[in-house]
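Input: a single structure, listed below in structure tokens.
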Amino acid sequence: MADNIRRRLYNLLLHFFNGQIKEDFFTDTPYRKFYRKIYFEIFRHFGFIQYVLTKYLKKDTPVESMASLTLGAAQILFLDDIPDYAAVNESVALTPKKQKPLVNAVLRNIVKNKTNLLKEYHIYYDFPHYFFDRWQKEFKDENEFESFLQSFHKVPKYYLVSTNDLSIKEYEEGFNNSIYYPMDINSYTIPLLKKFQNVSNILDCCAAPGGKTILLSKLYPNARIKAVEKNPDRVKVLMQNLKKYKCNNVEAINADFLHFTDNIQYDLILLDAPCTALGTIRKHPEVLWLKNDKDINRMSKYQKKFLEKGLTHLKKGGHLIYSVCSLEPEEGFENIHWLLKKNNNLKLVTPEIDKKFIKDNCFYPLPHKSEGDGFFAAILTY
Ligand SMILES: C[S@@+](CC[C@H](N)C(=O)[O-])C[C@H]1O[C@@H](n2cnc3c(N)ncnc32)[C@H](O)[C@@H]1O
């Protein structure tokens, strides 16, 4: 009989091989840390594991076998505290009957040749070509490039924000005080990049689940805030969060921001745009393998529409914060330069934060210099 929780890892992999992300934090099991560790090793080393598997497989291997083989190989190669026989047996047990002999044979071969296979390991294998190539160009110093890549394998840190005084502290297991909102440290920084004066109305263009809306509500308690979100299910979560954290100055609106109309010119606009989420790969390493150059370019074009629309709602002298959880230049710097070129009066305002997180007047925390997700943010005014 297969272990039911390993089956959940197998299901994550089945979804993944079908091009989908399925989240499972294993919070309902006392062995959460153990299963999360397997999940991280699978996707951090996904590239090397596939390289190893291709030595033993034909091209058209069924996805069910790919899922059990990836699960088994990750444990054999990267998790020393799991006995090899357990990794093989559990993976075979999860596999459909007809495919069991293949999975069994390949995993036993990997066990037999483990030492030699691991001699071939290099961190470069853990990154897909599109990502590796675009980032190698960014670094003149090879050691810095390697430390950039290594930083994606670091255990991600989770934080809690006090909605009373906006202080932030590291997440503690079992801590469930109702005034705290869980948040990434760089996501938290975005509404705090600069304290603006005379803010009486705020527009949050893409608001759910509402982390940054909550911060804006507490930072500017006298302002009226409109929080727009297109996805009806996510609006429900947004509304629950606004109620839970007593954000009484916020009105949640279920609308497509690109078609949103009202007659207010805003003092402050937060445009936390949809993006590839490639800055979040320390926490969600599978994202790296589900995106490519085309997605980055498609998102960049889509974000330009949000930027143009956002500007139409900005009061003269007001500020617009544009942010994405991605470090890819097309989604950040290039979009901002495009907008500045089109609008002569528009200017960048430098964030008032630690200089090590600033590049070209924008917030740009690189993962080897920061504990949080990779973000890009720019403050614009005119
Ligand atoms: C990066 S997330 C926002 C995170 C949020 N600001 C926070 O701090 O919790 C982007 C959000 O934009 C929403 N979205 C995507 N397209 C949209 C559109 N056309 N209009 C409004 N919201 C949209 C997505 O559903 C998603 O919830």
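Including glycine, each Cβ sits where the backbone N, Cα and C put it.
The feature domain 'SAM-dependent MTase RsmB/NOP-type' is assigned by TrEMBL to 94-382. Feature annotation from TrEMBL assigns S-adenosyl-L-methionine binding site to CYS206, ALA207, ALA208, PRO209, GLY210, GLY211, LYS212, GLU229, ASP256, ASP272. Per TrEMBL, active site, nucleophile is recorded for CYS325.
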Neighbouring C-beta atoms (10 Å sphere around the C-beta of ASP256 (S-adenosyl-L-methionine binding site)): 10
Cα separation, the residue listed as 'active site, nucleophile' to LYS212 (S-adenosyl-L-methionine binding site) (Å, whole number): 13
Which same-chain residues, if any, lie at least 6 apart from CYS206 (S-adenosyl-L-methionine binding site) yet have Cβ under 8 Å of it: VAL228, GLU229, LYS230, PHE257, LEU271, ASP272, ALA273, PRO274, PHE306
Which same-chain residues, if any, lie at least 6 apart from the residue listed as 'active site, nucleophile' yet have Cβ under 8 Å of it: ASP184, SER187, CYS275, ALA277, LEU278, GLY279, THR280, ASP373, GLY374, PHE375
Count of other CB atoms lying within 10 Å of the CB belonging to LYS212 (S-adenosyl-L-methionine binding site): 22
